[in-house]
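J.: Mind having a look at this structure? Questions to follow.
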Amino acid sequence: MQFVSWATLLTLLVRDLAEMGSPDAAAAVRKDRLHPRQVKLLETLSEYEIVSPIRVNALGEPFPTNVHFKRTRRSINSATDPWPAFASSSSSSTSSQAHYRLSAFGQQFLFNLTANAGFIAPLFTVTLLGTPGVNQTKFYSEEEAELKHCFYKGYVNTNSEHTAVISLCSGMLGTFRSHDGDYFIEPLQSMDEQEDEEEQNKPHIIYRRSAPQREPSTGRHACDTSEHKNRHSKDKKKTRARKWGERINLAGDVAALNSGLATEAFSAYGNKTDNTREKRTHRRTKRFLSYPRFVEVLVVADNRMVSYHGENLQHYILTLMSIVASIYKDPSIGNLINIVIVNLIVIHNEQDGPSISFNAQTTLKNFCQWQHSKNSPGGIHHDTAVLLTRQDICRAHDKCDTLGLAELGTICDPYRSCSISEDSGLSTAFTIAHELGHVFNMPHDDNNKCKEEGVKSPQHVMAPTLNFYTNPWMWSKCSRKYITEFLDTGYGECLLNEPESRPYPLPVQLPGILYNVNKQCELIFGPGSQVCPYMMQCRRLWCNNVNGVHKGCRTQHTPWADGTECEPGKHCKYGFCVPKEMDVPVTDGSWGSWSPFGTCSRTCGGGIKTAIRECNRPEPKNGGKYCVGRRMKFKSCNTEPCLKQKRDFRDEQCAHFDGKHFNINGLLPNVRWVPKYSGILMKDRCKLFCRVAGNTAYYQLRDRVIDGTPCGQDTNDICVQGLCRQAGCDHVLNSKARRDKCGVCGGDNSSCKTVAGTFNTVHYGYNTVVRIPAGATNIDVRQHSFSGETDDDNYLALSSSKGEFLLNGNFVVTMAKREIRIGNAVVEYSGSETAVERINSTDRIEQELLLQVLSVGKLYNPDVRYSFNIPIEDKPQQFYWNSHGPWQACSKPCQGERKRKLVCTRESDQLTVSDQRCDRLPQPGHITEPCGTDCDLRWHVASRSECSAQCGLGYRTLDIYCAKYSRLDGKTEKVDDGFCSSHPKPSNREKCSGECNTGGWRYSAWTECSKSCDGGTQRRRAICVNTRNDVLDDSKCTHQEKVTIQRCSEFPCPQWKSGDWSECLVTCGKGHKHRQVWCQFGEDRLNDRMCDPETKPTSMQTCQQPECASWQAGPWGQCSVTCGQGYQLRAVKCIIGTYMSVVDDNDCNAATRPTDTQDCELPSCHPPPAAPETRRSTYSAPRTQWRFGSWTPCSATCGKGTRMRYVSCRDENGSVADESACATLPRPVAKEECSVTPCGQWKALDWSSCSVTCGQGRATRQVMCVNYSDHVIDRSECDQDYIPETDQDCSMSPCPQRTPDSGLAQHPFQNEDYRPRSASPSRTHVLGGNQWRTGPWGACSSTCAGGSQRRVVVCQDENGYTANDCVERIKPDEQRACESGPCPQWAYGNWGECTKLCGGGIRTRLVVCQRSNGERFPDLSCEILDKPPDREQCNTHACPHDAAWSTGPWSSCSVSCGRGHKQRNVYCMAKDGSHLESDYCKHLAKPHGHRKCRGGRCPKWKAGAWSQCSVSCGRGVQQRHVGCQIGTHKIARETECNPYTRPESERDCQGPRCPLYTWRAEEWQECTKTCGEGSRYRKVVCVDDNKNEVHGARCDVSKRPVDRESCSLQPCEYVWITGEWSECSVTCGKGYKQRLVSCSEIYTGKENYEYSYQTTINCPGTQPPSVHPCYLRDCPVSATWRVGNWGSCSVSCGVGVMQRSVQCLTNEDQPSHLCHTDLKPEERKTCRNVYNCELPQNCKEVKRLKGASEDGEYFLMIRGKLLKIFCAGMHSDHPKEYVTLVHGDSENFSEVYGHRLHNPTECPYNGSRRDDCQCRKDYTAAGFSSFQKIRIDLTSMQIITTDLQFARTSEGHPVPFATAGDCYSAAKCPQGRFSINLYGTGLSLTESARWISQGNYAVSDIKKSPDGTRVVGKCGGYCGKCTPSSGTGLEVRVL
């Protein structure tokens, strides 16, 4: 406590004053002990006093010393105590009022104060981020202070005109008014800022307020106005106009275009940000109404603000926000806007807040992202966030004149509703208000948008600069217009939710009272700054620096704060010095009268007139509320249709801009604008989008179209004030008139008739179908393809009556969908690329149309079906009342009557028309009949309340309603009470009697359930007992419900279920049909043994189809010729039945039809004699022709194959005729060769060189498989059986042999200068120094038989040089004969078999070169020319022409992964298609029947990294994920991998030694009682080795010392206390009276004893009786036992009990005790669940209880219901549970869509997905995963969406369950999809399941079925996605 230090300071001050001897001596106070801020204050004061306020009560009496106002702390008390600041030791209640007294300046001041929190929200919260720094130690030194209760407002000395505004936290801080002027008071602060808020008599400074003297100004500096529109600017070192700005919205209007902003605003429309509005509890309601708006604001102050303002920060910020709130209360804004601060976040450490730098744009972006993270649904919600910083923010590196920054129109966007403001003193409030204006979509007052509103000079809140002419308290007309339109258009829905009601009123105090004019200068220009004297007061605040008043007065053009004193008795208000108003009344606004309706917006076609009213009778003043209610109303005008030749109204508005190019690149000066309809978002339909004629580029030329403009081409709705409003075809606002099928607005379909027909005649070219007359409506034409394919060579066409084609003319067909405008009508065409080609239009056609069909190609018959409505001719029509209309509803639910409705009918076609047609005709009587005859209506008593008196007479209420009693089943159904109005309703109140007993029912165990399933009952007995378990009469327990019977086993029994019968397996004759039969329990299939086999339905039964038809062939007819070659015919008929009835040939199998023609040959003919002329026969044969079908697919996928088609002879009627009738015509080919793509061919490159240079070696070559373009392909694409050889033998010349002596090669020397270096020649002949020298013998010239050898012989001298004079006769031989053995000869074997039986085959034999001993030699060793042939032709005779090999299609690969093979059938076939033996085709090369193939990649186990050890010390486990995977990304089921090679997923690990934890017990506390047995406690904690306290779970629980023990002191004394007897419990018969009997402890010092419930054994003696019998008179009433229904079983499994109520009641349903107890029915019985308690509840229990180790489906008991769950990983210790999805992966999938629009600002095709979109498919995060099973956590009942073990990713990356997204468009056009279908699983999603959108422009559209089993969603953005909320997860429940 700091009282001593304050007392010392006060003593020193008093001593200093005494030494000075006068009041003026106060200036000589020891100021070195005061805070510097107060030192400066005292220096400016002419007089002041030091006082100590005293808190008093309302009578002026001092409070006790322990009562003092203090600043409250956030604690649990604040939740229950509305004013915790007042502490009292007594039991007096706290109050919101406070009274203080002080003496100063010779006067007594008595303060009467009332709490006043102003603008602070009831749940206002202050959040501190980080630890205060060294220089911030005084900022919330202990815990955050609650300032809401600090603010008080009241009056002085009982005079309400003498206002006081005081903050009572840490002393009295504020101002008050007296008869002699205004006073200020504040507590003294010491040098170190210490003060004691608990101290009562704290010294305060009190001083008068006087106007400062000022000197004239020397002049003003010029203001610099920047054109930059993006930021606010501020002063630097010289006077400068301050700039405010905004971030420009990308879609401007025409005014912005004309000002040159088109480049930025129209670079590409659609880049406009499409804000995602936060969905709040309020839905969009009616527009153009003024609603109260509540702007919940988060204010964030950075660490620089903390450093600058210190402990005063919160006060300062609340003062700023009070000014902002008052600005938004000004009536000039035209709306009721309430600014409410809900949260203040103070950032001590820079790292804990958003990144703040000098760059304003970056800071805003960082702050917006940061604040969104603080706006969680479960936390403190805010609508917008404001950042206050002392950081000098800049719009560029060298342009730091920015004061604030915000984006336009983002108030309800949770990601972008934020702004930043640089703190510059109290004028910061105007910056905050300005930036919030941008958030409300207000432009600057000098913006081109505002010129239309007549704002010529920016002088209001949204002025771009704050200068001398600015009025920052009021709003311009432009600002009012834009915020009103913004809110009326529905962009402020999040502001409709009102914060919780405030506990007290919130008036606003003026900031100038809290901050004097010098303090305002310091806040702007720093410490030491003071107001410049002699300047104009209030209008602008001029401040000087510390160097003197004449050296640098400067201003930021901000006015003095409201409430700043300017002259005696006056203060500043809105920049003017005005008299102080003592008690300004608050005036709420009220609506004025409606203005007359204005001019019509259109001259025809439905315009709008508008009337408005202003909030001006009166206007809101002095903080009053703005009007609430409708401000505009509309009515239709000029609704008559426009002339047909008049241009479209939207077209006229676009044409207004013809010739205006707005400086957009690429637009010509004569540009022409036309309306843009398609591709515009629904919410933008009332903006004027125009397209450049002849181009696709479009732009927004106006913010809104003219009122009355249709919203689109396909609707009657019209635009009003930029919103699409409902209108009818009569062009009247809010009309529901629609055109009937005849095109008549509001018609009854009676003015037209329907014309319908078909057309199927074919002729080449254009064929006329029908003429559609002018005036036709509802045209629908469809052309069905004959084969269901899109390509059938028939196309619809339209032409005008003049023959001009409108669609598909001149043999040019439109394949894509298109629209055709014919006058004012729009005709839609589906395009020719559809199986059903369609032309349709609902509009009235004003000209005649000719419908045609274009037939080309193969001239298939068209199938055209058309219908349209045409006006009825003007002849009179007859109408009559038809009494046989539909039955109307029954007049009553029971015993009522219903009648047929009379309908007006047209006689000509019996069409029902409007009743107006029959108005003047007499109506016949109604046809009636009784209805609801199977039930009755009566009043039903549903229930009775308990008796109002527990003892004696009372009453109870009855729940009575009108009920429908069914006579059939006796059920009761509640209906409206009005149906029972014919019967008097019984009273809902009846008398009753309380039994005055304290008894209760004691039950026996429930009996076993009477049925094991399908609902049985259980019973139990009930006995009435008292608290001592004494048995009482049952009448003593009638106040409690007796439950002795209950229902049990209410789940259904397993039942046989059967599917639909299949079709009969035969089409004729007798066959069978099948159906599935299974055992089902709920939604689950069980094993058949679970159902009764005796009742199993049959699964197969016989079926009888019509008798089968067969072919019957007649005898052959005569040969067609009398000689030579001819043919014979016979009749072939299709017959059926015993009587052999002839039926159509289509009823017989065409494949088995016998031939009806054959060749015949008679003797050859002799040449006929020449005849002069032959006469032509006049017989005309029937006209026949060959018809053929389409070719089948080629039998081979590559290379040569075959294809076939159906060929049939048809007569002129198209019926099948005998082929003989077409014999004279060439028969079309029915089978031919085909080739889809060439197969791969083997390509062999050149042989390599031989591997040796002599002798035998090997040569190799490369063999590749290439396609038709010679590109290398996989070898499996080529025939493996015909692969060329890749290596072969090769022979080189024989290798030389080495001699044993020299090792030199035996060949003659070729070089005459050769000189041996070593050995001497073998033979030497010497002559005169010259000698012959010989070389070695060469090889034998022949390898066999006789040959010769040669050697070199040379003449050399003694030196070895060549000489010429050697003796010739002794010259050695140069050649000699040699013998190498016998030569090899050609040997050959026998010829092999011929490769073909005919047509020229090949046969081969073995031919080798060898010696007689069998030694083989290369072929070159024998004479090649003599080599016998090793192959020759054979069987060269011609083969039959009608046999060939035929191949079937290749089978699928034999393996699903890895290498395998596939095969096909190869068979020999005759020309007529019949099969032959293979020998007939042996002469042909047989195609291969086998080939290699390769499946996908085989799944393999993939093990992840080991996790960290499960413990930080000791022995633990490590785990890793082991999954079955295909490739690197695709996840497979674990069953697809080999379970025996699965890597381990868990292993042991060893951590460091664990620390030792022990229990530590502290000292015992005092005993809880002063007498008798009590208890005492002590604290027992767990500590570590260092004696530090840790969590108790770390110590051994078994060794924990006791923390409680009994303590026994002196015995207590007790006494019996009895009460008065009650009245008798009954009015007749035997009853009893009661009284209270209590054992009470004797307390010392108390005169009276209290009733208590001490145990009775403590009291001495016998307990006095508490019940006494009584008898008043006999009861004449008889009674019977009545039983209720059995309750539910007490256990979910095993044996339990169930109960029912048994009551003794009189005939009047009154409780009685006259029933015979021996006849009482049982009230309690045992029950047994059909399933025993050993049913497993998870897969781990399945493994433990059943010993199962196989993965599969098992029944688990989940939340009381048996469900089928798939258990996976049963071989491991931790199996997992999965839910098998009954509807499979077709309805359970997740997708991240991969396409991205080239122009992401569009949403083409109205959001539909099209593969032909203008897209690129490059989104890297795309993927598609489908799910067969999903994992479930049975503990939390949550779906684990990221488990993909049973998911199949067919495209891209895996996508978690229930997740979707895309990167498709930024225009709310989601394409990513997910689907959940839990039907049949027994589970459904809970209501808490939520999805959140993430990413940029993220949007989601999620639809849930009512039962939660089905969810479908579309999500996306640019780029965005939706995932289940992490807060709620994907929780499921058991159905």
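Quick reminder: no glycine exception, Cβ is built from N, Cα and C everywhere.
So Swiss-Prot lists the following for this protein:
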- Glu435: active site (ACT_SITE)
- Cys450-Cys478: disulfide bond (DISULFID)
- Cys521-Cys543: disulfide bond (DISULFID)
- Cys532-Cys553: disulfide bond (DISULFID)
- Cys538-Cys572: disulfide bond (DISULFID)
- Cys566-Cys577: disulfide bond (DISULFID)
- Cys604-Cys642: disulfide bond (DISULFID)
- Cys890-Cys931: disulfide bond (DISULFID)
- Cys894-Cys935: disulfide bond (DISULFID)
- Cys1250-Cys1290: disulfide bond (DISULFID)
- Cys1265-Cys1278: disulfide bond (DISULFID)
- Cys1628-Cys1675: disulfide bond (DISULFID)
- Cys1639-Cys1659: disulfide bond (DISULFID)
- 293-499: domain 'Peptidase M12B' (DOMAIN)
- 998-1049: domain 'TSP type-1 4' (DOMAIN)
- 1110-1166: domain 'TSP type-1 6' (DOMAIN)
- 1182-1240: domain 'TSP type-1 7' (DOMAIN)
- 1556-1611: domain 'TSP type-1 13' (DOMAIN)
- 1677-1734: domain 'TSP type-1 15' (DOMAIN)
- 753-877: region 'Spacer' (REGION)
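Where in this structure would I find these features, and how exposed are they?
T.: A helical conformation is recorded for Cys450 (disulfide bond) in the three-state DSSP classification. Annotation for Cys450 (disulfide bond): same-chain Cβ neighbours under 8 Å, separated by at least 6 residues, are Pro443, His444, Ser476, Cys478.
The Cβ of Cys521 (disulfide bond) lies under 8 Å from the Cβ of Gly425, Ser529, Gln530, Val531, Leu541, Cys543, each of which sits 6+ residues away along the same chain.
For the recorded site, Cys538 (disulfide bond), the DSSP three-state label reads coil.
A strand conformation is recorded for Cys566 (disulfide bond) in the three-state DSSP classification.
The Cβ of Cys604 (disulfide bond) has 16 other Cβ atoms within 10 Å, all protein chains considered.
DSSP assigns Cys890 (disulfide bond) to coil in the three-state reduction, outside any helix or strand. With a cut-off of 8 Å between CB atoms and residues at least 6 apart in sequence, the same chain places Gly896, Glu897, Arg898, Cys931, Gly932 near Cys890 (disulfide bond), listed in sequence order.
Note on Cys935 (disulfide bond): other Cβ atoms within 10 Å of its Cβ, all shown chains, come to 20.
Sequence-distant neighbours of Cys1290 (disulfide bond): residues of the same chain at least 6 apart with a C-beta under 8 Å from its C-beta are Cys1250, Ser1251, Val1252, Gln1256, Gly1257, Arg1258, Ala1259.
Note on Cys1278 (disulfide bond): other Cβ atoms within 10 Å of its Cβ, all shown chains, come to 22.
In the three-state DSSP classification, Cys1628 (disulfide bond) falls within coil.
In the three-state DSSP assignment, the secondary structure recorded for Cys1639 (disulfide bond) is strand.
Predicted-model confidence for the domain 'Peptidase M12B' (293-499) is 85, expressed as mean pLDDT.
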J.: Among 293-499, 998-1049, 1110-1166, 1556-1611, which stretch has the most Cβ pairs under 8 Å to the domain 'TSP type-1 7' (1182-1240)?
T.: 1110-1166
J.: Given the disulfide-bonded residues Cys532, Cys1265, Cys1659, which one's Cα is the least distant from that of Cys572 (disulfide bond)?
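T.: It is Cys532, whose Cα lies nearest.
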J.: Out of Cys532, Cys604, Cys642, Cys1659, point to the one nearest Cys577 (disulfide bond) in space (Cα versus Cα); all of them are disulfide-bonded residues in the record.
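T.: Looking at Cα distances from Cys577 (disulfide bond), the smallest one goes to Cys532.
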J.: With a 10 Å radius around each C-beta, find which of these disulfide-bonded residues (Cys478, Cys538, Cys894, Cys1250) has the fewest other C-beta atoms nearby.
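T.: Looking at the disulfide-bonded residues Cys478, Cys538, Cys894, Cys1250, the Cβ with the fewest others within 10 Å is that of Cys1250.
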J.: Specify the nearest of the disulfide-bonded residues Cys532, Cys553, Cys642, Cys1265, Cys1628 to Cys894 (disulfide bond), where nearness means the distance between Cα atoms.
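T.: Closest by Cα: Cys1628.
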J.: In whole Å, how far does the CA atom of Cys1659 (disulfide bond) lie from that of Cys532 (disulfide bond)?
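T.: Given the Cα positions, Cys1659 (disulfide bond) is 88 Å from Cys532 (disulfide bond).
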J.: Considering Cα atoms only, can you say which of Glu435, Cys532, Cys553, Cys642, Cys1278 is the nearest neighbour of Cys1639 (disulfide bond) among these recorded positions?
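T.: Of all the candidates listed, Glu435 is nearest in space.
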J.: I need the nearest neighbour of Cys532 (disulfide bond) among the recorded positions Glu435, Cys604, Cys935, Cys1265, Cys1278, using C-alpha distances.
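T.: Comparing Cα positions, the candidate nearest Cys532 (disulfide bond) turns out to be Glu435.
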J.: Looking only at Cys532, Cys577, the disulfide-bonded residues on record, which one has the least crowded Cβ, with the fewest other Cβ atoms within 10 Å?
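T.: Result for the disulfide-bonded residues Cys532, Cys577: minimum number of other Cβ atoms within 10 Å at Cys577.
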J.: Given the disulfide-bonded residues Cys553, Cys566, Cys642, state which is nearest to Cys935 (disulfide bond) when distance is taken between Cα atoms.
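T.: Among Cys553, Cys566, Cys642, Cys642.
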J.: Would you say which of the disulfide-bonded residues Cys553, Cys566, Cys1639, Cys1659 has the most Cβ atoms within 10 Å of its own Cβ?
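T.: By the 10 Å Cβ neighbour count, Cys553 comes out on top.
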J.: According to DSSP, which kind of secondary structure is Cys572 (disulfide bond) found in, if we only use helix, strand and coil?
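T.: Assignment for Cys572 (disulfide bond) reads strand.
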J.: Looking at the disulfide-bonded residues Cys566, Cys604, Cys642, which has the shortest Cα distance to Cys553 (disulfide bond)?
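T.: Its closest listed neighbour, by Cα, is Cys566.
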J.: Pull the DSSP breakdown for the domain 'TSP type-1 7' (1182-1240) and write it out as helix, strand, coil residue counts.
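T.: Going by DSSP assignments, the domain 'TSP type-1 7' (1182-1240) contains 4 helix, 21 strand, 34 coil.
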J.: Listed disulfide-bonded residues are Cys538, Cys604, Cys642, Cys1628; which of them have CA atoms within 10 A of the CA of Cys566 (disulfide bond)?
T.: Cys538
J.: Tally every other Cβ atom lying within 10 Å of the Cβ atom of Cys543 (disulfide bond).
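T.: Total other Cβ atoms inside 10 Å, all chains included: 25.
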J.: Quick one: of the recorded positions Glu435, Cys538, Cys1265, Cys1278, Cys1628, which has its CA closest to the CA of Cys642 (disulfide bond)?
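T.: That would be Glu435, nearest by Cα distance.
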